[in-house]
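Participant: Not my notes, these are from TrEMBL:
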REGION    1-34  region 'Disordered'
COMPBIAS  20-34  compositional bias 'Basic residues'
TRANSMEM  42-63  transmembrane segment
DOMAIN    102-321  domain 'ABC transmembrane type-1'
TRANSMEM  105-127  transmembrane segment
TRANSMEM  139-159  transmembrane segment
TRANSMEM  194-217  transmembrane segment
TRANSMEM  248-265  transmembrane segment
TRANSMEM  297-322  transmembrane segment
């Protein structure tokens, strides 16, 4: 005859004497593990809490305040917080200047990202072969990144001078010296498409060295065993790179594209220093500045800033999600 377990309460909570003896021990062990984890965690939380508080106030706090201003009618020096809902966003969507500037920043982003990726990749490909004086060349290629965009803009404003005749200077003067006068250009003072593309030249010059460093680290992170295995199978250097190295550079390429696109969307100082009043090179960031400071249209400026944050979030959030998902894969 099988002995039935003794129950206390309804059938769902039926327990045996053995179970009643082991359950408190299990609960105590879990509580002990939680206390041990907390003892290890609280010093780290204590150390990072000042940074978390400052980021919460000066980043997310101001983002919230900016969002609040964008739904008000604040115009003028004195703050006015009359709620107008999404009227400012509707007005911005119907503003031809906004769409012109969006077009400019998209062209700038396309030229800037492609140019910086191409130059940085080619430099990394050359450096990966182990050239003599590699440390010197790496420092030279990375040096432009150490220069602020304001200083870069002042340098390139002279190089992109559109003077003619005796006033020819910069790159146009170089063209004249080597007999390529036909390549003379008005650069950022020409039509909008070429003007904003010309502004991408100094931006690409400044960031291509950093992209080189990213690609160089990615190339040298490929295990030599994989390259040797491909060579043993009869693959030449071109096929080794295309079938072994190139696929492993995909995460580096994605990170570089997101980084460059994020920088291009919020670029302000470069355009401001080269020609702040030219509508040919105005971008949403410059439009936001002109709306707030000379015009005192604070609500419109906050609306533009919110749209820029949304645009940057559209770029960064999918990349973060993709990266976290890749890390969870076995």
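Indices start at 1 and increase along the chain as displayed.
Any Cβ shown, glycine's included, is placed from N, Cα and C.
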Participant: What else in the chain is close to the transmembrane segment (297-322), if you only count residues 6 or more beyond its ends and a Cβ gap under 8 Å?
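Facilitator: Non-local partners: 63, 66-67, 69-75, 79, 84, 88-89, 91-92, 98, 254-255, 258, 261-262, 265-266, 284-285, 287-289, 291.
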Participant: Which stretch from 42-63, 105-127, 139-159, 194-217 shares the most C-beta pairs under 8 Å with the transmembrane segment (248-265)?
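Facilitator: Most Cβ pairs under 8 Å with the transmembrane segment (248-265) come from 105-127.
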Participant: Restricting to the same chain and to residues at least six past its boundaries, which positions have a Cβ under 8 Å from a Cβ of the transmembrane segment (105-127)?
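Facilitator: Same-chain residues near the transmembrane segment (105-127) but 6 or more away: 134, 137-138, 141, 193, 196-197, 199-201, 203-204, 207-216, 218-219, 253, 256-257, 260-261, 264-265, 267, 283-285.
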